[in-house]
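Step one of this worksheet: look at the structure below.
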Amino acid sequence: MIVSRTQKAGFSLYAGLILLLFYFPLFCIVVASLSKKRYFAFPYPAEDLTLKWYDAAVRSPQVAEFVGISLKIAALTTVCSLVIGFFAALAYARYAWRGRKTFQRLVLLPLFFPQSVLGLALLMWFNFLDITPSWWTAVISHTVWIAPITTLIMSIQAYGLDDSLEEAARDMGATRGQILRMITLPLLAPGMVSAACFAILLSWGNFALSLYTTGPDSALPEWLYARMTSGYQPIVPAVGAISVLGAIVLVVALFGIIHWTTRKNRRAAAR
Amino acid sequence: MISRNAATSTPISALPPEPERLHSLRRDEAQRAAPALPVSAPPSSPFPWSPDDPALRHIRTDANPLLPRLLARLRTTPGVFGRFSSLPFVLLMLFGFVMPLLCVVWFGLMPSKTFSLLQWPTLENYRTIFGQTYYKSILWSVGLAMLTVAILLVVCYPLAFALAKVFRGGATFITYAIASSLFVSENVRLFGWVIGFMKNGVVGGTLARLGLPIDSLLYNVPVIVLGMVYVYLPFMLFPLALGVKMVPDQVREAAFDLGASRWQVFRKIDLPLSMPGVLIGSLLVFVLSIGAITEAKILGGQKVVTIAADIETEFTYGQNWPLGSALSTLLILLTTVLVFFALGRFDLEKFLGKKPREN
């Protein structure tokens with residue numbers, strides 16, 4: 001589309017403004033986590049800058065425990081939702097079958113659903129089945145919510161797959177195994193990687209589902225929430241800032257992977 | 001391309017019974033239905049009936065050619081792969097989604113303050129909800145959610161337009177910058193606003209330094225709306241950007257060439273053609289924000305009680321599970337009706353990727 005320079009500048013300005021507002025709370029968190037005082041008050045003198053809350057956060061056995069539980073949940077959820085999502089994506093995007101339309105609706109349903117209610121419903125269902133909630137019931141609840149997301153991500157990739165590439169390979173005499181190894185799999189790999197990243201990060205940050213389904217085990221967001229509503233400590237923004245940094249690192253890595261694989265594919269295609 | 005269409009749209013029996021052609025068609029179909037992806041591909045056959053299956057031994061014993069034929073038949077039946085690969089997901093949904101919801105609906109019909117599901121159903125809880133002030137929290141939730149959707153539509157449309165049509169490399173950067181926030185727990189981000197807005201917070205402190213001391217900006221309705229707008233912005237932005245991308249440039253240019261004003265192009269072309277994105281984004285945001293707890297709690301400081309907070313109270317302090325379930329049932333009903341109504345209106349596949357393979 002042809003856009004004049006002033007229009008483009010206007011759009012850029014608007015986007016910049018939104019990004020600035022968008023990152024304002026994260027900036028606040030970092031600022032608060034660097035203040036030495038127990039009670040936060042904004043313009044603090046430069047000599048109050050400290051990293052001691054980060055130190056405390058890293059050393060705290062309590063935080064380590066919650067991080068461990070969160071990581072356990074995230075890892076298992078990722079594996080489950082990748083496997084389930086992979087097959088579901090095939091059913092969603094690659095095969096023709098009679099129940100497909102209904103299936104596609106079903107995939108979306110958990111996403112268009114208030115998470116807190118889903119968490120509660122699962123809690124009651126586990127109670128009915130006499131299952132004591134613990135971290136692995138949280139894995140089930142996270143998977144119910146995240147498997148549709150991984151399915152959609154991989155389906156988009158599978159949709160974008162050009163049939164003619166496979167057909168061309170078949171016409172040129174490639175065996176089915178060769179087609180799979182050299183064409184389908186490399187083309188679908190970025191979808192799987194980004195689905196895995198989404199799964200890890202969404203499970204890591206999830207609060208509403210964990211709140212109801214972890215039982216006596218607590219995930220990190222639950223602990224943060226409890227600390228925020230009762231009794232502020234600067235260790236809370238420190239933990240928050242660490243998780244922000246972790247997310248940014250993972251997203252940059254994800255971006256790098258996608259960029260790298262597409263470039264490699266393009267180069268391979270050019271050759 | 002032509003042969004494939006013929007194979008899909010014409011039933012085999014309708015074709016002239018020419019043995020060679022029939023054979024080639026079958027093979028063609030078998031190839032098409034065969035998996036293009038690793039896990040479901042042979043040799044680790046996805047069929048429950050492998051040739052070594054003991055349950056099928058009686059078929060094989062007398063060298064009956066039935067089994068190979070059965071397998072070939074299965075492989076050529078369109079839909080087998082689809083059904084099998086959807087199975088794990090469907091089972092997960094049955095166990096983790098459908099059954100729990102039925103459980104909630106049933107629990108909502110139990111007499112109040114009980115913890116068992118095995119009693120005679122009554123409508124007592126619903127009478128309580130509509131007789132007392134619980135309906136107020138429902139109204140608050142619906143109102144807040146609608147306001148959030150409206151604000152987000154206005155805020156996000158220009159940005160989505162810029163992402164889809166104006167920016168090139170910048171679009172990727174903004175997409176990643178906004179998407180990465182999804183991965184930081186909602187609580188942490190809302191807490192950032194608390195630090196920014198509390199008394200002596202980042203905003204208050206800066207203004208005080210400039211000689212404009214203000215009290216805390218927290219604990220009122222606009223701040224709750226701000227928090228919801230902030231948290232759910234990505235859920236509006238990305239569907240909208242996808243929707244705007246669907247508007248062909250030629251149509252817009254043609255309208256401009258024919259003398260349409262900018263507003264007319266927006267009203268008559270951009271908006272209708274990007275409607276799927278608008279609809280999905282609005283729906284997503286509405287549903288998510290109607291179930292929101294933390295915004296009202298962290299930023300609103302209990303000024304407003306939303307339905308999700310009410311439900312939580314019934315389950316924790318109130319110890320009245322049936323009443324909480326009845327409230328949840330109302331929420332479920334509201335969202336389900338909305339989702340079915342909205343999603344039934346357009347073709348999702350066109351939105352996500354390309355057209356389905358069979359016409």
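Just so you know, glycine gets a Cβ as well, placed from its N, Cα and C.
The annotation transmembrane segment is assigned in TrEMBL to A:12-34 (among others).
Per TrEMBL, domain 'ABC transmembrane type-1' is recorded for A:67-254.
Here the transmembrane segment (A:73-95) has long-range neighbours at 103-104, 107, 135-136, 138-139, 142-143, 146-159, 191-192, 195-196, 199-200, 203-204, 210, 214, 219, meaning same-chain residues at least 6 beyond its ends whose C-beta is under 8 angstroms from one of its own. Annotated transmembrane segment per TrEMBL: A:73-95 (among others), in sequence order.
Per TrEMBL, the feature transmembrane segment maps to A:107-129 (among others).
Counting residues 6+ beyond its ends, the transmembrane segment (A:135-161) has Cβ neighbours under 8 Å at 69, 72-74, 76-78, 80-82, 84-86, 88-90, 92-94, 107-111, 115, 118-119, 122, 126, 184, 187-188, 190-192, 194-196, 198-199, 202-203, 206, 209-210, 212-215, 217, 219 in the same chain. According to TrEMBL, the feature transmembrane segment maps to A:135-161 (among others).
Among the features that TrEMBL reports, transmembrane segment is placed at A:182-204 (among others).
Outside the transmembrane segment (A:235-258), and at least 6 residues removed from its termini, the chain residues within Cβ reach (under 8 Å) are 26, 29-30, 32-33, 53-54, 56-58, 60, 63, 190, 193-194, 197, 200-201, 204-205, 220, 224, 227-228. TrEMBL lists A:235-258 (among others) with the feature transmembrane segment.
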- Note on the structure: Near the transmembrane segment (A:107-129) in space but 6 or more residues beyond its ends, with Cβ under 8 Å, are 88, 92, 137, 140-141, 144-145, 148-149, 151-152, 206, 208-213
